[in-house]
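Asker: Take a look at the following structure, please.
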Amino acid sequence: MEESAGATSAQSAATSVSESPAEETILVCASEPVTVDGGRLLVCRSPGPEGFYKVPLGLKVALPTGYAMLVAQRGGGRTTNGIVDAGFRGEVQAIVAPGRPRAQFYCTPLRLAPGIATDVPFFEVFAPKRDEDAGYDIPCPRELVLPPGGAETVTLPVHRTDGRHWAYVFGRSSLNLRGIVVFPTPWESGPCRFRIQNRGAHPVTLESGQRVAQLVLTREPLGWITGRSPFPATPRAPMQHRPAWLFARDFVAPSSARGARGFGSTGL
């Protein structure tokens, strides 16, 4: 699915091209015309406490279980990568850092993987999730005190022992809005580690055990995520698994445990 920050006044359905004969349906409801490979200026006049902005994309998505939606940017803006759960029924929003008035957003479905092998029991380190959730919450392994502009590398007491599928660490929307940004990072082998930065103007203390990030397991690689940038930009086609879109009217999204709470990820 390629979309900038646009959408359609009618509801639309997407059928993904899967490895199996069965088709999966993605429901999309949005309020303005779709703009493919284009962009429009979104203005938000309600910044968060550290100046980060919530930018509503005029888009609602209902994904099947086993999928998530990735919200990213094209170009050199300052949009945090966002993960939207299959169970989210609210309006999708992007979190944008101050200092750049224009951004082009890119939304695409991700196929989630069932699991990976680790040297210690997986749930000794990562929190369990519901079937409709995208990622496993990551509790902070120790207290972190981040001064303005300060960053720390977080290393979890777990090693990956297989090469099946792909694993990525993403931030949480609620912390992003406070200026606490996780560098999206692949976990390829060895220990799980990632950087977290305070881009706000005030010191922040993250308590031991506080949820600071999420681990997302995917069936396709996201090669543009390297762990070196807090705001990585996606190329034109981030997925090998490409959805084929069919447009229709009057689809009703199934109910979910998550509903419209939060930003669409495990961020709230």
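Placement of Cβ uses the backbone N, Cα and C atoms for every residue, glycine included.
On a predicted model such as this, the values are computed, not experimentally measured, just so you know.
In case it helps, Swiss-Prot gives these features for our protein:
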BINDING   ARG172, SER173, SER174, PHE263, GLY264  substrate binding site
Asker: Starting from each candidate's C-beta and looking 10 angstroms out, tell me which of the binding-site residues SER173, SER174 has the most other C-beta atoms.
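Answerer: Checking each of SER173, SER174, the winner is SER173.
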Asker: Secondary structure at SER173 (substrate binding site) (DSSP, helix/strand/coil)?
Answerer: helix
